[in-house]
Amino acid sequence: MWNSPSPPAIKSEPEEDNGLWEEERSTDGSKWKFLEHKGPVLAPPYEPLPGHVRFFYDGKLLRLSAPAEEVATFFAKMLDHEYTTKEMFRKNFYKDWRKEMTSEEKSKITDINKCNFTEMSEYFKAQSEARKQMSKDEKLKIKEENERILQEYGFCVMDNHKERIGNFRIEPPGLFRGRGDHPKMGMLKRRIRPEDIIINCSKDSKHPKPPQGTRWKEVRHDNKVTWLVSWTENIQGSIKYIMLNPSSRIKGEKDWQKYETARRLKKCVERLRAQYREDWKSKEMRVRQRAVALYFIDKLALRAGNEKEEGETADTVGCCSLRVEHIKLYSKMDDQEYVVEFDFLGKDSIRYYNKMPVEKRVFKNLQLFLENKQPEDDLFDRLNTSILNKHLQELMDGLTAKVFRTYNASITLQQQLKELTSPDESIPAKILSYNRANRAVAILCNHQRAAPKTFEKSMQNLQTKIDEKQKQLSATRKQLKGAKTEHKASHDDRSKKKAVQRIEEQLMKLQMQATDREENKQIALGTSKLNYLDPRISVAWVKKWDVPMEKIYNKTQREKFAWAIDMAEEDYEF
DNA sequence: AGCGAGACTTGGAAGTATTTGT
DNA sequence: ACAAATACTTCCAAGTCTCGCT
């Protein structure tokens with residue numbers, strides 16, 4: 001439930017609101033006054049393998065020390081995964097594994113290819129199988145224990161409200177699996193101890209206790225930030241946090257603010273577009289580059305594209321970091337003129353491939369930017385995200401590159417819903433329309449997924465069901481006809497008619513489902529729904545067409561978007 | 001301006017729980 | 001009642017953007 005002071009139910013910007021919230025928090029940048037929590041749940045300590053599970057090196061049995069064994073089990077657990085066949089993964093793992101070995105182990109184990117982890121791997125497979133086969137009682141016990149931990153560690157108190165914490169467990173040790181071609185894949189992600197952990201809470205709260213015999217790295221009282229716990233991770237050296245659940249007041253308000261910023265962009269986007277079109281003609285190269293980049297961000301919903309440290313991460317790019325090799329220009333392609341072909345790896349190494357006809361002026365500018373450059377050179381050599389965002393900030397308060405993604409995603413949903421929803425169609429048909437509108441956004445944002453492993457089979461199953469339903473329908477229809485000619489009792493006739501109608505409906509629903517699933521094969525809807533689409537658009541749509549809210553948002557989503565469900569009426573306009 | 005640290009949002013896959021069909 | 005299918009949740013990596021420092 002939305003049990004904290006909700007954002008006011010008005011359609012104004014947060015900063016225009018002069019209610020309690022503004023008075024209490026906004027001016028000095030503090031995020032809370034009181035914060036109390038129980039600290040994190042640490043990863044369970046390592047449990048050595050039972051004696052019968054053996055490790056072999058070069059065909060010979062080798063008993064490993066506990067630290068070496070633990071790291072070996074990380075590898076063994078992943079043995080079935082493609083990862084463990086990759087040279088980089090194996091090399092990085094082996095290097096880090098050696099650091100955990102005794103000097104004796106180090107001298108014996110000299111080649112990862114002679115290591116045999118299969119018994120360990122089999123053991124873990126058997127374990128997980130056994131877990132599945134547990135009795136109801138045992139499963140219930142585990143569930144209850146998890147619930148107890150959730151109740152104890154899963155909540156905190158922030159300013160008089162009990163709030164759900166997002167991730168209250170410290171990440172367990174294991175092998176780092178980067179995405180795409182990551183130079184650090186396979187490295188050991190080390191165990192986080194209390195001594196690595198910084199606690200953030202208010203001075204006057206009951207501080208979380210470290211486990212017996214240990215201490216926290218630090219306990220601080222910083223109310224300018226929202227996190228409860230942090231630690232530094234050893235792969236990239238970056239900081240990880242424990243923060244509140246999306247259902248919390250602090251996240252909800254931030255989310256709301258994000259969409260209000262996007263709505264302010266809506267009001268001035270035409271002005272900005274006119275501006276960057278003008279800038280395509282600028283005398284200054286940096287201005288032209290900025291303007292073309294902004295055009296891409298606006299039109300294609302590209303990400304900003306910060307610079308990345310070479311060799312630290314997979315080689316991926318966004319708009320500002322595009323390189324010459326990522327685009328191709330075609331002054332003519334089929335029946336179109338001035339086509340730009342994009343082909344690059346974006347966030348999470350997901351491929352972005354697109355061909356877009358652009359205006360002549362953009363095309364000419366791109367040709368200019370490409371002059372005398374090598375494939376690995378930056379396309380926009382006079383531009384980076386900091387320059388771009390500084391410019392955007394001058395055009396509109398709070399404007400950054402990512403606001404365009406939010407704006408274009410939300411406006412697309414709204415417009416698609418308008419276009420696709422027909423007033424007299426059934427609820428399942430309306431839901432198909434909704435999903436299609438959602439899909440249009442996911443495609444715009446390039447949210448792709450690997451087709452589910454069971455996709456083909458699940459399509460087949462659905463088709464079988466459809467065929468059966470079809471047969472059932474024609475059979476029932478025949479019966480109805482027969483009944484008519486035989487002048488059967490009229491009430492029997494009526495109920496047959498109803499039966500036909502019901503079966504028709506069921507058939508339609510199945511067909512709808514099949515279409516939806518097919519179209520969704522390689523599209524991931526989750527991210528746009530959760531992060532880009534102003535929930536008030538969906539809430540308004542649901543109210544307008546009397547579609548049950550649960551068909552669009554599940555429980556978690558309804559909790560996250562409680563503010564919007566509260567706020568939006570059917571006439572809401574993004 | 002350029003940087004690195006820090007804080008916070010966004011991302012798909014994997015794992016788990018629930019529902020469905022038999 | 002069971003297993004298969006589907007829906008939901010967790011996991012944790014990888015982005016964006018701000019800020020303080022030089």
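Glycine is treated like the rest: Cβ placed from N, Cα and C.
Annotations in TrEMBL come from automatic prediction, not curation.
Looking at A:1-25, A:201-225, the range tied to region 'Disordered' in TrEMBL is A:1-25. In this model, the domain 'DNA topoisomerase I eukaryotic-type' (A:175-546) carries an average pLDDT of 92. Counting Cβ atoms from all protein chains shown, A:Tyr532 (active site, O-(3'-phospho-DNA)-tyrosine intermediate) has 25 others lying within 10 Å of its own Cβ.
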